[in-house]
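A.B. asks: Here's a structure for you.
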Amino acid sequence: MHEQHHEHHEPGFWRKYIFSVDHKVIGIQYSLTSLLFLFFGFSLMMMMRWQLAYPGQPLPWIGRLFGEANMPEGVMVPEFYNQLGAMHGTIMVFLGVVPLAVGGFGNYILPLQIGAPDMAFPRINMASYWFLFVGGVVMLASFFLPGGAAQSGWTSYAPLANIAPTGQTAWLIGMIFLITSSLLGSINFIVTTVQLRVRGLSFFKLPFFVWAQFVTSFLLLLAFPPLEAAGVLQLMDRVAGTSFFLPSGLVVTGQPLEVSGGGNPLLWQHLFWFLAHPEVYVLILPALGIVAEVIANNTRKPLWGYRTMVYSLIFLGFMSFIVWAHHMFMTGMGTAMSTFFQATTMIISVPSVIILTCLAISLWGGSIRFTVPMHFALAFIPMFAIGGLTGLPLGLTASDLHLHDTYYVIGHFHYVVAPGTIFALFAGIYYWFPKVTGRMMNEKLGKLHFWLSLIFMNGVFTPMLLIGVAGVSRRLYDQTGYAHGAAVQDLTVFSSWSAWLLAVAQIPFIINFLMSMRKREKVRSDNPWEATTLEWATPTPPPHGNFPTAPQVYRGPYEYSVPGRSADFWPQHLPEEAESTQPRPATT
Amino acid sequence: MSAEVEIPYAVKPHPVTGLFNGKFGIWLFLASEVMLFGALFSTYVLLRVGAEAWPHGYSLLNVPLATLNTFVLILSSVTMVMAWASLKMGDFRKFRLNLGATILLAFVFLIVKSFEYGAKFEHHIHPATSTFYAIYFTLTGLHGLHVIGGILVNLYLLLPGSALWRTEPERFTNRIECAGLYWHFVDLVWIFLFPVLYLL
């Protein structure tokens, strides 16, 4: 026979690394971009923490670099403070955590875990990354507009945002790009999960991570369009002079506003939170998925209550669409509405508690390997629990009266997302790093990173809960101007120092990340963690097209410590006979 | 080009879902579009319920022209289906005729619409005039953008994109089906917009 002409075009640099359609390259692009944005968003916050801890004092060393308009003599003006606040939230949520959790991990891991050669729509996948990139550039560029970037909070509440400087228009345009990006991504994830699973991989054999990404994609698909609608309406208000969110008779700085009126500022909040509450679950579900993978692998036993967790996940996704107005108890929308949303909010806490409980019980009786990813995953459980439980007083109308819009809200939300989701993301980075690069990350530096981060994370956010209970409003530029604020100023200083030290605690991670990519020894096995799921059945790093031959799945995702087997893990793709080291019991 | 990876079910339908990937994708996309327009229609309801007085659409807008446009769009949906059906029967000439007609009708829709807009601007009526006009211009404008998007897709499939017919006829037919699903959705949005804005 003739030798098959196997033309293997080696793609050029641009096609291979920049405009790649390979889900793994896109996943890495997403991850690196979002890590940079996380660092940038963190830096914005560190500057805010200076103003909060030492109001009116010039920022040392770098204060004068930001120009006379923003920081005359190195002292931050309130408008610049507001820009930092609004952009910190926007960047962290839409350009940091979500692109890393969904775009990065989802893109890289999901097709591998279902045994697919790539995403269902590789080119749309590439487009989704580039939409995100353009959206990010628009957001960054908005700092250089006259009047600076958006400054009406990450929520862009109307009517304040309607009359804000040009930066707000850039924010809206940037958001439309980001929404398009996540829309394309979510379609891709859903189609890939449903259509491209390998033979034998039924839905209840999917790793929990895939389930989490799957449900998350539905949230992105269905919750983001209403924000897009809201964005279009606010853009019309700002550019075409309509009054969707401007009521009649609005007076701004003593002047009646020259608009037709008749709009409704609450409409913005409804449309915004219809997105932004599911968005909270977009932030947390992929994190739960990562933690579940790491915990199953490092306890060497199956997840406890896998099916219950999956059902809870689906219920959580569904419920997240009908809780949005618990952010709006204080708007005067009426007691009937408040009661309804209070009830749904209490209901939605149940599946979250179920999932978390399942993860905690999964530890029971395991022979735990205290690896670096496991450290982060273990810390995730109590940290996310604190975040979740501190949310309950906010979901009850009576206690929300006092806590609404205080630092308590910031503390609660950040407990969910920072030591919660971001810890899970770190767990994911340490866990999948050997698959992506072929090298393990350094264990000692990883543990140093973990312990310092854990201490300082709590140092940042625990004081916030207390400051909030003391009644300090979340958007204050200088709380010392109020007696109740001045009384807790020490806690604010403590929180600020913790934040700066938290930045220092990331140095071991950055060193570890960069050094391990080149210097560290290569992994000896494709499956260094002795895991069961399909991503470890590929060569390391996986080539274009992932699997040399399409695998077949024979069993559930977490077959660890199966009695009667010599190895304590039984990969999904190994047929029954492949490893018959143990003699079968005689069947007489 | 890089060595292309073979994606399963890119052309042939999946045995369980009965859909090829693209068709599944376009349905999901339409679901998100339903949420987009759903949010805008909800906005309409909320603003109207909260308004002290709300004008009747028929007293301000040109109902005969909009009725004409409704029929134009419905007709274009019919020609779109016929374009797909002709491909299914292997008649490429008839396909071009029908898809061409769809594009032409879409242009007729836009021209009629621009007359409507022009008449309003002549009378110094803008989105900023009142909340009614704000929602009218926003909804019909966004719908118009969807029509333009459909024209671009269909033009691509009629001219350069149709080369695929000779190499991969099934794949090309699938693309026409997806474009058709999108086009019917655009039509459907108008069928909601017409009574809500013009008649109620």
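A Cβ is built for glycine as well, from the same backbone N, Cα and C atoms used for every other residue.
Whatever TrEMBL says is automated annotation, not expert-curated.
I grabbed these lines from TrEMBL:
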type	residues	note
DOMAIN	A:8-554	domain 'Cytochrome oxidase subunit I profile'
REGION	A:569-588	region 'Disordered'
TRANSMEM	A:25-48	transmembrane segment
TRANSMEM	A:86-110	transmembrane segment
TRANSMEM	A:130-150	transmembrane segment
TRANSMEM	A:170-191	transmembrane segment
TRANSMEM	A:203-224	transmembrane segment
TRANSMEM	A:271-296	transmembrane segment
TRANSMEM	A:308-327	transmembrane segment
TRANSMEM	A:339-364	transmembrane segment
TRANSMEM	A:376-396	transmembrane segment
TRANSMEM	A:408-433	transmembrane segment
TRANSMEM	A:454-477	transmembrane segment
TRANSMEM	A:497-515	transmembrane segment
A.B. asks: Compare A:130-150, A:339-364, A:408-433 by their Cβ pairs under 8 Å to the transmembrane segment (A:25-48) and return the stretch that comes out on top.
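C.D. replies: Of the candidates A:130-150, A:339-364, A:408-433, A:130-150 scores highest.
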A.B. asks: Is it the case that the transmembrane segment (A:339-364) and the transmembrane segment (A:497-515) have 3 or more CB pairs under 8 Å, with pairs at least 6 apart in sequence?
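C.D. replies: Checked: the transmembrane segment (A:339-364) vs the transmembrane segment (A:497-515), no contact.
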A.B. asks: What mean pLDDT does the predicted model reach across the domain 'Cytochrome oxidase subunit I profile' (A:8-554)?
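C.D. replies: That region's mean pLDDT is 94.
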